[in-house]
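Student: So Swiss-Prot says this about it:
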type	residues	note
DISULFID	Cys104-Cys124	disulfide bond
DISULFID	Cys250-Cys294	disulfide bond
DISULFID	Cys280-Cys335	disulfide bond
DISULFID	Cys287-Cys337	disulfide bond
DOMAIN	46-163	domain 'CUB'
CARBOHYD	Asn25	N-linked glycosylation site
CARBOHYD	Asn55	N-linked glycosylation site
SIGNAL	1-22	signal peptide
Amino acid sequence: MSLFGLLLLTSALAGQRQGTQAESNLSSKFQFSSNKEQNGVQDPQHERIITVSTNGSIHSPRFPHTYPRNTVLVWRLVAVEENVWIQLTFDERFGLEDPEDDICKYDFVEVEEPSDGTILGRWCGSGTVPGKQISKGNQIRIRFVSDEYFPSEPGFCIHYNIVMPQFTEAVSPSVLPPSALPLDLLNNAITAFSTLEDLIRYLEPERWQLDLEDLYRPTWQLLGKAFVFGRKSRVVDLNLLTEEVRLYSCTPRNFSVSIREELKRTDTIFWPGCLLVKRCGGNCACCLHNCNECQCVPSKVTKKYHEVLQLRPKTGVRGLHKSLTDVALEHHEECDCVCRGSTGG
């Protein structure tokens, strides 16, 4: 090979190495810029831990501009001192993808209590700015999720600060949250609601969409007797459990009964609080028995299951357990007129 050819080959190889190195440096630069911009972690199995000693803030990527798609970011705020709380305040500039059927399914930010996994709230859309959130201890977790469609702006920004428990505002007895009311008062309060949506919104103003979604999420471990035995459809419109009462003479007719009284449960609230059951009613004016007075009594009784919302106080902490449950109530299938006080009819 000539000396001239060898020089050309050496020059070409050197240029290729320089180009590769420049490309690698450029790639690393973009990667570093991208990682710095995320303001959190991309892997949903990990979280970015932020030590909180002074005021600060976290925000969606590119805030207040359109956030990126396909993003999952998790932050866990941990106060330096143990006996303090963390307060979150949302910036007035708030806008994520709109909910579907009033439920935040796609793009949302949610706040979780790390101690017990309770979701304090999930928010999306741009109609209202979420209210302040206060942790139960010295930690709180925030998660931001966006899917591959319709990113919005400006995203969100959450300001955090330390709150001393002894200096938090006391809740006035007149504005106690529903979960803090005695069961009897709460039972009276919820009877005024005609739809399940309004009831859940009253109980959990910040996270009612989540609770409503959880109630109707299929869970095989919790399927009730009404589902397994096919006594009624699993999908029940709890807003339409009222009907006209028709009067018959000693026949099964609709009666409204209090579930708490029927089951003798004073530790639990049910909604609806009353249900229609078949009970013998009417009169026996045309009684065929030769007696002074007849009465209408059941001759065939069965038990039927009704799916209702059950509210029970949580043990040791403030709040209510909410679940759909089946209650068994007596229904009179057939009725007869018998002499009052008679055992044989």
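From the backbone N, Cα and C atoms, a Cβ is placed for every residue, glycine too.
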Student: Using only C-alpha positions, which one of Cys250, Cys280, Cys337 is spatially nearest Cys124 (disulfide bond)? These are the disulfide-bonded residues in the record.
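Tutor: Nearest by Cα distance to Cys124 (disulfide bond): Cys280.
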Student: Fill in the CA-CA distance, Cys335 (disulfide bond) to Cys250 (disulfide bond), as an integer in Å.
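Tutor: So the Cα of Cys250 (disulfide bond) lies 6 Å away from that of Cys335 (disulfide bond).
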Student: If one measures from the C-alpha of Asn55 (N-linked glycosylation site) to the C-alpha of Cys104 (disulfide bond), what distance in angstrom results, rounded to a whole number?
Tutor: 29
Student: For Cys335 (disulfide bond), name the DSSP secondary structure in the helix/strand/coil scheme.
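Tutor: DSSP assigns Cys335 (disulfide bond) to strand.
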Student: Could you give me the DSSP helix, strand and coil counts for the domain 'CUB' (46-163)?
Tutor: 0 helix, 57 strand, 61 coil
Student: What whole-number Å value do you get for the CA-CA distance of Cys104 (disulfide bond) and Cys280 (disulfide bond)?
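Tutor: Between the alpha carbons of Cys104 (disulfide bond) and Cys280 (disulfide bond) there are 47 Å.
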Student: So among Cys250, Cys294, Cys337, all listed as disulfide-bonded residues, which is physically nearest to Cys280 (disulfide bond)? Use the C-alpha atoms.
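Tutor: Of all the candidates listed, Cys250 is nearest in space.
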Student: Taking 10 A as the limit, how many CB atoms besides its own sit near the CB of Cys124 (disulfide bond)?
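Tutor: By my count, 26.
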Student: Looking only at the domain 'CUB' (46-163), what is the model's average confidence as pLDDT?
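Tutor: So the average pLDDT across the domain 'CUB' (46-163) works out to 91.
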Student: In whole Å, how far is Cys294 (disulfide bond) from Cys337 (disulfide bond) when you measure between their Cα atoms?
Tutor: 6
